[in-house]
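Features reported for this protein in TrEMBL:
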| type | residues | note |
| --- | --- | --- |
| DOMAIN | A:45-326 | domain 'RCC1-like' |
| REPEAT | A:47-107 | repeat 'RCC1' |
| REPEAT | A:111-174 | repeat 'RCC1' |
| REPEAT | A:175-230 | repeat 'RCC1' |
| REPEAT | A:231-283 | repeat 'RCC1' |
| REPEAT | A:284-335 | repeat 'RCC1' |
| REPEAT | A:394-443 | repeat 'RCC1' |
Amino acid sequence: AMAGLVRRLLCRGLCVAAGPPSTRQLREAEEAAPVFQYAGKAARRKDRVFVWGFTYSGALGIPSFVKPDAGWKKPRRIQPTPYRLETEEKISSAACGYGFTLLASNTRDITKVWGMGLNKDSQLGFQRSRRDQTKGYEYVLEPSPIPLPLEKPQQTRVLQVSCGRAHSLVLTDSEGVFTMGNNSYGQCGRKVVEDEIYSGSHVIHQLKEFDSRVVQVVCGQDHSLFRTKKGTVYACGWGADGQTGLGHYNITSVPTKLHGDIAGVNIIQVSSYGDCCLAVSDEGDVFGWGNSEYLQLASVTETTQVNVPRHLPFKIGKVKEAACGGTGNVVLTEEGNVFVWGYGILGKGPNLIETAVPEMIPPSLFGWSDFSPDTRVAHVRCGLSQFAALTNRGELFVWGKNLRGCLGTGRMEDQYFPWRVTVPGEVVDVACGVDHMVSMVRSFT
Amino acid sequence: LNAAPGPAPRQRVRFLPTPAAGGGGAVELVAARVPVLADHPFVRGPRFRKLKIGAGHRLDVKASGVFVLGIGHGNKLLTDLYNCHLTKVYTVGGLFGKASDDFSDTGNLVEKTTFDHITREKLERILAVIQGTNQKALLMYSNIDMKTQEAYELAVKGLIRPMGKSPPIITAIRCLQFALPEFQLEIHCLHETQQYLRKMVHEIGLELKSSAVCTQVRRIRDGVFTVDDTLPRTQWNLQSIQEAIRNCQLKVETELEKTLA
C-alpha cells in the first residue's frame, strides 16, 4: 500500500525522486553557488612587525611572555621563531639595543617613537609608573610612547632611531638629534655630570650643531656616530678603544668632526655596534677605526686600537653597505656579494673562526641557483655576534651565535652558515640586538 | 618475444656410436659436438611464459606523464634508482576561483571566490616563500649535522638531500604561464604524491586570499627519464620497447654510479 501511495504521488508530480545528481544538476548548482570575495582589487599589502629572541628583558614588547595574563599561559623565556607584534602605526624604523628596543613611525601624530625593554638608565625616556607617580618603570614590557620635547610635534617627522648599550638616539628631519639614556662617557652628546643618577631621569638632550643636516645616527656600545648630508662624520662618547676616531683615547662629550683618512671624503654610510666602526664612501671604499683586537683592522695595522679612521684597502669591488658586529664585520658589494672578516662564527662553516682579510660567502647559500639566477643579497645587518642578510626576494638569512634564541631559526644551536628564517611575509628590514631581533615585514597579498 | 631467435643451444661433446669406416658390423665411438637436448624448444617449451614487470614511482589515475617500468632484471635497478632519491619534475595546471573537496576540477564544489586581485607578481612571491621553506625542510631531513664543515660544503654545492624516508619536499617551483583564471607551474619535488601537488595548488589559492583547483598534473621527468625517452600508446610494441631499453641503459648506469658511489 505504501509503494502504491508513493507511485501515485510521483505521477501527480507532488514529490520528486531522489538519487545521485546528474551532470546538468551539478553544473546548475555550481553556477548558482554564491561567490565569496576575500580581497578586492584595491587590497593593499599590510605592514607588520615580527620579533623574536629573549623575552624576560621586555625587549620583545609582549607582556604575556613575562607576566602571563591568563591562567593557562606560562612565562616564555625565549621566543625561538618570529612572533607578530601588534602596533598601532606603521613602523618605519626599528633599533635593538642591549636588552631594549625602539620603534619609530614616520607619522605626523604626536606619538612617534615607542620603546620597550630595559629602562634602568632611562634609555627609553621617563616612563611614569602608575603605582608611584614620582618614579619611573625600570622594565617596560609593552611598546610605550616616548615623549620627545619637539618644538613642532605635529610637523616634525622621525627619520631613524638607534640604540646602544644604555643610550638611544632619535633622528628627526628638522629638529636635529635627540639623545637619552646613560651619559657617563658623554655618549649622549652633553657634558658628563658627576654621580648623575640616570634611572628615572627626565633628561632628553637635543643636538643641533652640525655642519649640515644629520642623515644617519649610529650607536656603538658606549659611543655615538652622526653622519651629515655633506658626508662628514661626527662622534662623541667613550674613546678608550679609539672608537670615536678623534685621534685620542679620551672621553668626548660634544659631537666632534672626524678627520684622518675620511677627511674630505663623502661618506654615505656608517655602522657600529660594539667598539669597532666602519664607514663606506660614495666611491665604494671602506674606512675603519676603533677596536681591532679581533683582526677587524689587521689588514692595515698591527695595533689593537686605532683612533684615527684608516682606509681599508680591500680588493673586493665597490662596496655598497657595511655592518659592524662585536667581533666580526660584513660588507655587501655592488654585485651583491657578501664578504665577512674578523673573529667568531663568520658564516663559512665551523673551520673559519678568524680572518683579517674579507672572505666571500658563496651566493648559493642565499638562494641563488640556476633556477633563480637573479636572487641577490640586498642588505646586511649585524648584531653583537650574529649576522643577518636580506635578499631581493624578501627572504631573511641569519648566521652566528644563537644567544638565547636570537637567530629565530627555531633551534637553539649556533648556525655556522646562512640559514633561512621562516617569516610569513616579505622582510623589508631587520634590526639585530644582543639577544633579540626585530623585523619589519610586508604581507604577501 | 618467443618468436625471436633465442640464444644458441648449449653444445656438449658426446661419444656417439657410428658405423666404422670400411663396413662390417664393428661400431666405434666418435667424438662429436651435439646440441643438448634439454635446451631444445620442443622439450623446454617457450622461453618466456611470463614476465616480471615492476613499476617505478606511482602515478595516479588522474595524472599523466612519464611512468618508469622495469622488466626482469630491471626490477633490481628500479630499487637502486629509488634509493638514489632523484627529483621528479611535474607541470601542474591550476584554475583560480573554485575550491573543491579533492582539490581537482572534477570534485564537489566547496566554494567560489573572486580572483581579479591576483597578479603574477603576488603568485611569484608566494612561490618564492614555498621554495624557501622547502629548502629548509631539505636541509633538516637530510640528517646531516649542521655544525660540521662537510655540511657547509655540501650546502654550498646544493647537494644536500634526504637519503631516507621524508615527507614530500619541493626543491624548486616556478610559474610557467599565467593567464587569469588559469596558471601553470613547474614543480621539482621529492617523495611526493600527485594528491600532494593538488593540495599545494589549493593552498596557493588560499594564500592568495582566493581559491584554486588543479586541472592537470603531468610528470615530465622522473630521475633520468624524460618525456623524450617515453613511448606513447601507439608505440607499445616489442621493437620500440627494446630500443628504448637500449637507449636508456647508459644513462641509468652513469647515474647509479654517481649517486651510490
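Glycine too: its Cβ is placed from the backbone N, Cα and C atoms.
Computed from a predicted structure; not experimentally measured.
Confidence for the repeat 'RCC1' (A:394-443), expressed as mean pLDDT, is 91. Sorting the repeat 'RCC1' (A:284-335) by DSSP state (H, G, I as helix; E, B as strand; all else coil) yields 0 helix, 26 strand, 26 coil. Counting residues of the repeat 'RCC1' (A:175-230) by DSSP class, helix then strand then coil, yields 0 helix, 20 strand, 36 coil.
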